[in-house]
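Read through the structure below, which is laid out as structure tokens, and then see the notes.
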């Protein structure tokens with residue numbers, strides 16, 4: 001009981017640190033986007049988004065690769081094997097060097113041809129777009145090679161260090177945007193160059209700190225073919241899952257660009273920034289709960305693993321609901337305060353993006369357990385192959401002259417069905433998991449809380465004129481309602497006791 005209390009206490013502390021980091025990062029990121037749009041303009045911002053789209057989504061890809069490596073770190077830490085952890089570190093370096101070489105080869109052949117021959121880019125911006133593309137490849141490499149170091153920090157649950165490094169990266173990106181006001185040159189090219197420098201500096205800092213702080217971060221020539229094969233297979237299937245996610249986002253971005261041009265694509269880019277910010281919010285809790293979940297599986301403590309699973313689903317959903325419902329209601333006011341100018345496409349895209357991001361966020365607890373087991377091939381092949389249906393469906397609807405907004409509706413439907421597939425695979429893997437319990441203890445209360453809060457927001461919208469006052473009032477009332485309902489209906493008795501013990 002004492003051990004469970006200590007674990008829960010550590011999770012609570014790390015969650016608090018990560019949410020403090022997240023708030024600061026989100027504020028800086030929101031301001032950075034405003035500066036970038038102001039300095040680049042909507043057309044150049046749309047060009048940057050479509051050419052360097054992989055980099056825009058790189059935080060997602062980076063976290064997925066980090067989670068794959070961290071799975072082996074956390075597992076080895078859970079069984080107290082330092083030598084095994086050191087071997088994992090060395091082999092992970094080798095694997096990500098291989099991935100980097102593959103990215104360079106594909107990027108400088110197929111990717112370069114695609115940018116110059118298939119994307120809709122104004123002719124006078126094609127040279128600048130090529131420079132951005134090259135800088136994006138090098139930024140990608142810097143971030144990939146950084147994964148073994150950042151994953152080590154997370155596996156050790158050293159969230160103080162992780163928060164500091166994240167803030168440094170965020171500030172460097174803001175500085176990159178602000179420098180566009182000062183340096184006199186092509187802003188699109190400069191922005192790509194400055195972002196590459198920011199990624200490279202973060203990589204160097206992670207390397208220096210990890211080599212000094214963790215004894216496992218000592219590169220050695222390892223000839224363990226079994227471990228190399230296991231890690232390569234695990235990382236490969238995890239990478240397949242992340243590439244499918246990137247392909248969905250960037251593929252649909254390219255389709256919007258081809259059918260509707262860079263201006264509409266800029267509206268999609270803004271909605272993706274909102275999605276990225278919300279994803280960062282969700283990942284703060286996931287980073288705190290992922291290491292103890294994997295360690296619990298390694299230790300054979302399945303009861304505690306499932307307690308964390310159910311609680312993490314609830315915590316993720318209700319925290320995101322607090323943000324999403326007021327934002328969906330007052331998106332026009334928020335965009336007016338955030339951006340210098342905005343279009344109605346941005347409003348509609350952003351609202352649907354919030355719904356989509358909430359649905360996608362629920363996969364995290366399931367994915368953590370599947371990674372802990374190591375049986376990821378069937379999971380990623382089944383689920384991610386299904387989610388890729390969104391691209392051909394989007395293409396079909398665009399050919400039938402449906403508007404750009406249809407891509408978001410398609411993704412919401414496809415990813416909702418994909419989550420059901422995830423639950424079925426989890427049930428076939430973990431005997432203690434019950435789909436019936438999942439729906440009774442989580443889904444039904446969540447739907448009830450959402451409905452009640454939505455009705456309250458609707459009544460407030462009908463009573464108060466749009467503006468600051470309505471935004472603040474809806475935010476306060478919805479947060480209060482969700483918090484009360486979460487405690488009364490969302491939590492089980494065991495979860496209430498766990499929270500009370502943490503407070504003491």
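Along the chain as shown, residues are numbered 1 onward.
The backbone N, Cα and C atoms fix where each Cβ goes, and this holds for glycine too.
Quick caveat, the model's predicted, so the values are computed rather than measured.
Under the heading transmembrane segment, TrEMBL lists 16-33 (among others). Proximity of distant same-chain residues to the transmembrane segment (16-33), defined by a Cβ-Cβ separation under 8 Å and at least 6 residues beyond the stretch ends, is recorded for 159-160, 162-163, 166-167, 170-171, 173-174, 177, 270, 273, 276-277, 280-281, 284-285, 287-288, 338-339.
According to TrEMBL, the feature transmembrane segment maps to 45-65 (among others).
Annotation source TrEMBL lists transmembrane segment at 93-115 (among others).
Sequence annotations record features per position, and here TrEMBL assigns transmembrane segment to 135-154 (among others).
Per TrEMBL, transmembrane segment is recorded for 161-182 (among others).
What TrEMBL lists as transmembrane segment is 188-211 (among others).
Annotated transmembrane segment per TrEMBL: 315-340 (among others), in sequence order.
Under the heading transmembrane segment, TrEMBL lists 346-367 (among others). Listed as Cβ neighbours of the transmembrane segment (346-367) (distance under 8 Å, sequence separation of 6 or more from its ends, same chain) are residues 67, 267-268, 270-272, 274-275, 278-279, 282, 286, 289, 293, 308-309, 312-313, 316-317, 320-321, 324, 327-328, 331-332, 335, 339, 379, 383, 404-405, 408-409, 411-412, 415-416, 418-419, 422-423, 426.
The transmembrane segment annotation in TrEMBL covers 379-399 (among others). Within the chain carrying the transmembrane segment (379-399), a Cβ under 8 angstroms from the stretch's Cβ atoms is held by residues 237-238, 240-241, 244-245, 247-248, 251-252, 255, 259, 363, 367, 370, 406-407, 410-411, 414-415, 417-418, 421-422, 425, all 6 or more beyond its ends.
When Cβ-Cβ distances below 8 Å are used as the criterion, the transmembrane segment (405-426) is approached by residues 248, 252, 255-256, 271, 345, 348-349, 352-353, 355-356, 359-360, 362-363, 366-367, 369-370, 378-379, 382-383, 386-387, 389-390, 393-394, 397-398, 433, 435, 438 of the same chain, each at least six residues removed from its ends. Marked as transmembrane segment by TrEMBL: 405-426 (among others).
Here the transmembrane segment (438-459) has long-range neighbours at 310, 313-314, 317-318, 321, 325-326, 329, 423, 474, 477-478, 481-482, 485-486, 489-490, 492, meaning same-chain residues at least 6 beyond its ends whose C-beta is under 8 angstroms from one of its own. Taken from TrEMBL, the feature transmembrane segment covers 438-459 (among others).
The transmembrane segment annotation in TrEMBL covers 471-491 (among others).
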Per Cβ pairs under 8 Å, the stretch of 93-115, 161-182, 188-211, 315-340, 471-491 packing most closely against the transmembrane segment (135-154): 188-211
Intrachain residues whose Cβ lies under 8 Å of the transmembrane segment (161-182), provided they are six or more past its termini: 17-18, 20-21, 24-25, 28-29, 31-32, 35-36, 39-40, 150, 153-154, 190-191, 194-195, 197-199, 201-202, 205-206, 209, 213, 287
